[in-house]
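*Asks:* The structure's right below; bear with me while I get my questions together.
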């Protein structure tokens, strides 16, 4: 039940001038907002506000051909910053970001999300049996040995005699941590007067319905003198360090498993609070026997050890997966540069670690770009997206080309070409196909804006044709040279079987290449970025109605309109620069240790380039696309893949060509036949699937299967020449 948001577009919005009816109607078909995250609603007026008084906006232009009036969608956001981020998602050339860049109001969150961030100190009603798979997993992984350790520490404290109170506490905690579910730990408050405590020592408690527990009747209550006791000194020297270390290990292990984060909270609270309390002030009871006394503070109360929804958990706006992978970046940098002779680990391990470290760094770069763009004007956002939008891929490509140039190894240039083709094919086939499959499981049929997808498709056709134009030119005018040829029929005029054949462009001292191919490459490298700028001007300035989605703030009761951003602009800028620096270091380590893999691996270098090197940096984008598809917003899922593919052809490749002018490398804009056929076939198939503006999981399965077929072709393909 959401109150209607008034259509703000009618205030001073005159009718658009144009010859087509759709200039007066919105141009977005069935785009649905992220209702689950925004907590807002969609407003879909049938016609443009300026034509509300007429029976139909199309009747005003009966002389024009108008098939139907498409609807315009209004998305609502919690604040202006989130509205700006949503608007940037629908702008061509801007990074699409699913996560929030501001703190969401607590009252707008679902009960599931509230439970993720709640402390383990709330007593709820009977929630059923505590015998669950997650609780049993806790018992097998942590409970038994943690309980045994408490028993051993209890025995040690009893041996010291002065630590007997802590021995009794450890004995009780041993039973608690063996199975903490359905139990509660309370901190007993100090009574107002010692006389009242003495008078009520032998009486029964009306609140608890029984005699007052012994723990509630200590001889001396802990105060400022607790830390001056001899028993406390023995506990801090002998018992507490061992248990704190054990709880620290449990906390780290449970946090890394993500679904067991409640266990991490349990261990952290036990080490920081329970074990530092005086033993006489700790009360442990089963939950079914407990009614919270007025003076008793609940410290721990846990029901479930595992929660599958913790994949949504975020720390200061950062997803828990990115938080857990951040130490991997530090380990990779320290191990890579401190152990350069490979005494501790080999090149394969360092290459794997460097490649895995790229994933969290890509996430931090993406969130920093989205945060800066959402808090800045259009010009700043466009500059940041154009500058750092492809920094992840370009960093790796440039470091690989530099290493190949220094070693005189052409294999690095071929690997870069394979990675470029793999990114293009993966973003055209795999990313939208996977989003269609996963989104189609929840939604029977999904619709998207075919006109906006058509703009990206046209740019893809243009970019693919421009990128592979020098390759087609070399096939027509180049000289075919083969490395090894064998006579099959033993007849000089018979058939020959040749291997490692390629078109030589350096015949006659490179006349063909330097006089014809290279000028064509430079021309294409100038025209492609120019076409990209024209596409930006077309979609963001002259034909904005193609992406005409109005985004307004929510005016719902209880909403906080003051935006509390996770990262300020300066903080996001610092994180962006640091992540870029770490990305450069990880890319340098990856290229440094990829050489043994390329030379000793039995897998084709084509396959390594189009899979690992191409798709690993795009994993955060794939996750964003899947989340959009689950919210029935397939338009953004498709745009994620299309924008990356367009940027590969129109920005990344021209930048690499420009780089070779100032730093000569072995990179030439001439691809193998396999790259050409795979890319062109992928673009044609993608345009055929997206023609009608609707799809289902079957069409997504077709795209994914074609992608895996192409991967099989690359897997069995021979290594490129020069490797």
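Note that Cβ sites are derived from N, Cα and C of the backbone, with glycine treated the same way.
It should be emphasised that the depicted structure is a prediction, and the values quoted were computed from it without experimental measurement.
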*Asks:* Check each of the ranges 290-311, 378-399 against TrEMBL and return the one annotated as transmembrane segment.
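*Replies:* Residues 378-399 are the ones TrEMBL records as transmembrane segment.
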*Asks:* Can you identify, from 552-571, 572-591, the stretch that TrEMBL calls transmembrane segment?
*Replies:* 572-591
*Asks:* Identify the transmembrane segment range according to TrEMBL, selecting from 487-507, 697-717.
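*Replies:* Checking TrEMBL against the ranges 487-507, 697-717, the transmembrane segment one is 697-717.
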*Asks:* Cβ under 8 Å to the transmembrane segment (644-663), counting only same-chain residues 6 or more beyond its ends: which ones?
*Replies:* 93, 386, 389-390, 393-394, 397-398, 401-402, 405, 416, 420, 423-424, 427-428, 431, 456, 459-460, 463-464, 466-467, 521-522, 524-526, 528-529, 531-532, 535, 618, 621, 669
*Asks:* I need to check the long-range neighbours of the transmembrane segment (318-338): which residues 6 or more away from its ends have a CB within less than 8 Å of a CB in the stretch?
*Replies:* 99, 255-256, 258, 261, 310-311, 344-345, 350, 353-354, 356-357, 359-361, 363-364, 367, 566, 582, 585-586, 589, 592-593
*Asks:* Checking distant contacts: for the transmembrane segment (419-441), what same-chain residues at least six beyond its ends satisfy Cβ-Cβ under 8 A?
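*Replies:* Distant Cβ neighbours of the transmembrane segment (419-441) are 393, 396-397, 460, 464, 609-611, 613-615, 618, 621-622, 625-626, 628-630, 632, 634, 637-638, 640-642, 644-645, 648-649, 652-653, 671, 675, 678-679, 682-683, 685-686, 695-704, 706-707, 710.
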*Asks:* Who are the chain neighbours of the transmembrane segment (378-399) in space, where the CB to CB distance is under 8 Å and they lie at least 6 residues beyond its ends?
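*Replies:* Distal contacts: 88, 93-95, 358, 361-362, 365, 368-369, 372, 416, 419-420, 423, 536, 540, 576, 580, 583-584, 587-588, 590-591, 613, 617, 647-648, 651-652, 655-656, 659.
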*Asks:* How about long-range neighbours of the transmembrane segment (520-540): same chain, 6 or more residues beyond its ends, C-beta under 8 Å?
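*Replies:* For the transmembrane segment (520-540), the sequence-distant neighbours (Cβ-Cβ under 8 Å, at least 6 residues beyond its ends) are 91-93, 378, 382, 452, 455, 459, 462-463, 466-467, 469-470, 473, 546-547, 646-647, 649-651, 653-654, 657-658, 668-669.
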